[in-house]
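Q: Straight out of Swiss-Prot:
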ACT_SITE  CYS52  active site, thioimide intermediate
ACT_SITE  ASP59  active site, proton donor
BINDING   VAL74, GLU75, SER76, HIS93, GLU94  substrate binding site
Amino acid sequence: MTDTRYDALQQLGRESRMPDSPEAAVLERVAAPSRGKNYVVRFTCPEFTSLCPITGQPDFAHVVIDYIPDSWIVESKSLKLYLGSFRNHGAFHEACTLMIAERLVDLLAPRWLRIGAYWYPRGGIPIDVFWQTGAPPEGAYLPDQGVPPYRGRG
């Protein structure tokens, strides 16, 4: 059975190659199934990668995105390809994290969004970057992001 509401999607159900850059990646959205309810959608990307803009060395992060939809939800295959497009993108941790959050906010206009990017150590120092659009709506169930602080071998 084909649902014509999804015919405009360019990637879901089709062979898609990894975009060359985040700017070239196409993020897609579909209508939210339940408007007016404070339900949280969570995406976890435990193997996010990008490149240091200075050295070109790989950086790795565990990224958790939580949002409360309004009219739209992100199509998950397009999000997977978007996040994968950072693999050859050179930017500092903070820039990558905020670029992801801002692109999703622009696309979805969610009721609320937060991102936690838990970057693995480079030079012995882990960098964690957090951002959210504001206070979450009252009554929303927001589980902890579930990523323990980095401890190394200790």
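The first residue you see is number 1, and the count goes up from there.
A Cβ is built for glycine as well, from the same backbone N, Cα and C atoms used for every other residue.
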Q: Ranking the recorded positions ASP59, GLU75, GLU94 by other Cβ atoms within 10 Å, which is at the bottom?
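A: Checked ASP59, GLU75, GLU94; of these recorded positions, fewest Cβ neighbours within 10 Å: GLU94.
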Q: Can you tell which of CYS52, VAL74 has the most other C-beta atoms within 10 Å, given these are the recorded positions?
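A: Within the set of recorded positions, the most crowded position is VAL74.
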Q: Between the binding-site residues SER76, HIS93, where is the Cβ count within 10 Å the lowest?
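A: Lowest Cβ count within 10 Å among the binding-site residues (SER76, HIS93) is SER76.
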Q: With substrate as the bound species and VAL74, GLU75, SER76, HIS93, GLU94 as its recorded binding residues, calculate the greatest Cα-Cα distance and give it in Å as a whole number.
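A: So the maximum pairwise Cα distance among the substrate binders is 24 Å.
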Q: Please report the distance from the Cα of HIS93 (substrate binding site) to the Cα of ASP59 (active site, proton donor), rounded to the nearest angstrom.
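A: Each residue's Cα considered, HIS93 (substrate binding site) and ASP59 (active site, proton donor) end up 8 Å apart.
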Q: Out of CYS52, VAL74, GLU75, SER76, give those recorded positions positioned within 10 angstroms of the residue listed as 'active site, proton donor', comparing C-alpha atoms, in sequence order.
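A: Neighbours among recorded positions, in sequence order: CYS52.
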Q: Can you tell me how far the Cα of GLU75 (substrate binding site) sits from the Cα of CYS52 (active site, thioimide intermediate), in Å?
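A: Each residue's Cα considered, GLU75 (substrate binding site) and CYS52 (active site, thioimide intermediate) end up 28 Å apart.
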